[in-house]
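**Q** Pasting a structure here, questions to come.
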Amino acid sequence: MNYQQQLANSAAIRAEIQRFESVHPNIYSIYELLERLDEPVLQNQIREHVIAIEDAFVNSQEWTLSRSVPELKVGIVGNLASGKSALVHRYLTGTYVQEESPEGGRFKKEIVVDGQSYLLLIRDEGGPPEAQFAMWVDAVIFVFSLEDEISFQTVYHYYSRLANYRNTSEIPMVLVGTQDAISGSNPRVIDDSRARKLSNDLKRCTYYETCATYGLNVERVFQDVAQKIVATRKKQQLSIGPCKSLPNSPSHTSVCSTQVSAVHISQTSNGGGSLSDYSSSVPSTPSTSQKELRIDVPPAASTPTPVRKQSKRRSNLFTSRKGSDPDKDKKGLESRADSIGSGRAIPIKQGMLLKRSGKSLNKEWKKKYVTLSDNGVLTYHPSLHDYMQNVHGKEIDLLRTTVKVPGKRPPRATSSCAPVASPKTNGLTKEVSGLQISPNTGNVTSSTSVTQMASGPSGISLGSFSRMDGMHQRSYSVSSADQWSEGAVITNSAISSDTGLGDSVCSSPSISSTTSPKLDPPPSPHANRKKHRRKKSTSNFKVDGLSSTAEEQEENFEFIIVSLTSQSWHFEATSYEERDAWVQAIESQILASLQSCESSKNKSRLTSQNEALALQSIRNLPGNSHCVDCDAQSPDWASLNLGALMCIECSGIHRNLGTHLSRVRSLDLDDWPPELIKVMSAIGNELANSVWEGSSQGHVKPCSESPREEKERWIRAKYEQRLFLSPLPCRDLPLGQQLLRATAEEDLRAVILLLAHGSREEVNETCGEGDRRTSLHLACRKGNVVLVQLLIWYGVDVMARDFHGNTALAYAKQAVTSEVRELLLQYGCPDEQFVLMATPNLSRKNNRNNNSNAGGSGLMPTLI
């Protein structure tokens, strides 16, 4: 690292410390100002908000997030007309917001890449990229609007600004063109070729066109940029060579052949313990050691200032502010029992238990307040007060754990899980969770069965059942075959951890911990293992699995939670009844967590299978085997509002038309919600062309081999100019009234034809002044999600109310159709409903008169 970079890092550290230290003095000033308020209620309300802000600041990710949780830092740049704020809002919430945020924003979201969860940090920059932004990001998304030339040119400017601060070859980039603002009055001005050229100029980055109004490619953009970051980190990690990973402790002083500065090591608490999370910060040539860099940073800047020392913390993490709420200080914990867990899920079981410390040199037992929630999480706090304040707590996710009781056999497997071996063989049977133990090699391999190992009457052995843990091995052996006369079966609770918290495999007293893979166990396996624990006997089991002597039963109220990652937690109750109640409750939560996990997998698998079958049924519709515009075989792109399939070349032309004419989506690459599948399944190419090519006589339709220009002329004439559109079925009746009738009769082809001919005003025509229902109300009353979706795409007003003030959502609730209700809520339809009752006779007469103009009584409302 050169001297200038070292100075820059030192300045950045000083600035961060100054920023961090400035927060609390300002908060304390707010507390002082609160004392001047005369209204106690307002004073307490503001104080609670300030305390919440202070707690959120103190518990930010840099102090609380596990170092095993990696981060992905994504920056998004573009001008105010680019649509970047709508893109981010759609990704985070699934909804569309048209307003652009001039100041940008900071957001967090979990994202999964290659099966691993990452904390995605999204930085929506309000202006051009600066030096601090450039050095922070792992990847950059450049956003412009396809209808705004200035936003397009701004990308070039922002890219050059970024290149001034950082080498762009080390930053993954994605270019996004947004379609949100494209409309009939605001056409597209950036064609596909110019956008592709821009992506090539930006070091050939990936280019996407998105639409935040209905989510086109939004998820793909962020998923792709996350995958690019992970791939870049892996490449950089491999290129570093022998420096595989950083030490787990930030205070570790050893360095690899390529040294890493202390600045970056101090940041590893946010990004996990792997060098791949921040390998871009490793300098190419070693220049300054960690100790030298630490010396350069003045010690005064890394310690609290005198102002901070004089000011004591006033939040609920520590003591309450004097005078802020004297009643709370006078109340004891017993008087506040009703407030336990306020604002959180009510535990299904809670109480005081003893917990053994996990520290290697200090394994005493301490009282903990333990709670078990119905979400499969067990939490323990040092005291009831800490639990009530929700501080200093630790959680155990029970999904990948098991619970053991020392001195008690694990549950015996039945024949359906593992057949019992003969008493003479003492063999280990098959089907043990896919783990295969080799008696010769000492390796643990993945298989579907465990080989039998017979050891005769003298005992059975697991051979060298070893696993690597840091730099040592641990092997287990089993003896005393007379205790296993009915066959040994390894269950989930049979594998002890190597932290000294589990007594044995299968809780047998004859399992020893050795440092060499001997088959013969030492004569006294427990001679040196439990010096730190109170004396407990673990021999001579009874049939029910409990000890047979009164001495063994004395004070034996312990249970152990063991995880798949070899972590263990020792707890002890005050009685057998309390211990068994805890064990039963924990086992039930483990079972519930496993069942919910399996249910989620089955649901996901079933959803995926159902979607694949639905898409295949779409391909099998009449005419869908060929492109709707050029007859190319096997089209795999779709236009949602047209309900037709097309080839990839025609889909590019459709994208240029704008979303107001054609909403393009990939059958294979995009998600398909149920309402979209129903629209595509209801229409198809044959029905679509019967409408859009109903008057194409005398015109030659292009074929799959036709040049792109010819296809584009045909498509624009067909959809943009509507030259081949079938004529209206009735010239005497207004188009809006025809649409109302067709919707009431659920005539899909007529609705498509009328929507293609109609304007926004005609689509929103009502049944009459005494009714004021639109076609959307009628479609919702029928529960027809296909018609509802088509009407919304063609501009029907989802906020429209009938004569009695009811929105379309009220009619959807009457029809008991959840799909229609969810669709309306997605597009912002108000969830308001007036009392629905039978229509008075006078209103019925008026409605008959109004509906007679529509051509029939099918439009007469029966509810208000």
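The backbone N, Cα and C atoms fix where each Cβ goes, and this holds for glycine too.
Pasting the feature list from Swiss-Prot:
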type	residues	note
BINDING	78-85, 122-126, 178-181	GTP binding site
COMPBIAS	275-289	compositional bias 'Low complexity'
COMPBIAS	413-428	compositional bias 'Polar residues'
COMPBIAS	507-517	compositional bias 'Low complexity'
COMPBIAS	527-537	compositional bias 'Basic residues'
COMPBIAS	538-549	compositional bias 'Polar residues'
COMPBIAS	845-854	compositional bias 'Low complexity'
DOMAIN	67-241	domain 'GLD'
DOMAIN	346-591	domain 'PH'
DOMAIN	612-732	domain 'Arf-GAP'
REGION	266-343	region 'Disordered'
REGION	405-455	region 'Disordered'
REGION	499-549	region 'Disordered'
REGION	845-864	region 'Disordered'
REPEAT	771-800	repeat 'ANK 1'
ZN_FING	627-650	zinc finger
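I would like each feature placed in context: is it buried or exposed, what are its neighbours, and how far apart are things?
**A** In the three-state DSSP classification, Arg123 (GTP binding site) falls within a strand.
Within the model, the domain 'Arf-GAP' (612-732) carries an average pLDDT of 90.
Here the repeat 'ANK 1' (771-800) has Cβ contacts under 8 Å with residues 640-641, 663, 674-676, 678-679, 682, 739-740, 743-744, 746, 748, 751-752, 755, 758, 760, 763-765, 806-809, 811-812, 814-817, 819-820, 823-824, 827-830, 846-847, 850-851, 859, 861, 863 of the same chain, all six or more residues outside its ends.
Here the zinc finger (627-650) has Cβ contacts under 8 Å with residues 214, 618-619, 662-668, 676, 679-680, 682-685, 687-689, 692, 701-704, 706, 708, 711, 714-715, 718-719, 752, 790, 793-794 of the same chain, all six or more residues outside its ends.
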**Q** Select one residue from Lys84, Arg123: among these binding-site residues, choose the one with the most other Cβ atoms within 10 Å of its Cβ.
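**A** By the 10 Å Cβ neighbour count, Lys84 comes out on top.
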**Q** Going by DSSP, give the three-state secondary structure for Lys84 (GTP binding site).
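**A** In the DSSP reduction, Lys84 (GTP binding site) maps to helix.
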**Q** Taking the Cβ of Ala81 (GTP binding site) as reference, which residues of that chain separated by at least 6 in sequence fall under 8 Å from it?
**A** Glu100, Ser145, Asp148, Ile150, Ser151, Ala181
**Q** For a quick check of understanding: among the binding-site residues Gly78, Gly126, which residue's Cβ has the most other Cβ atoms within 10 Å?
**A** Gly78
**Q** Tally every other Cβ atom lying within 10 Å of the Cβ atom of Asp180 (GTP binding site).
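**A** I count 22 other Cβ atoms within 10 Å of it.
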**Q** Under DSSP, the domain 'Arf-GAP' (612-732) has how many residues in helix, strand and coil?
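**A** Helix, strand, coil within the domain 'Arf-GAP' (612-732): 49 helix, 11 strand, 61 coil.
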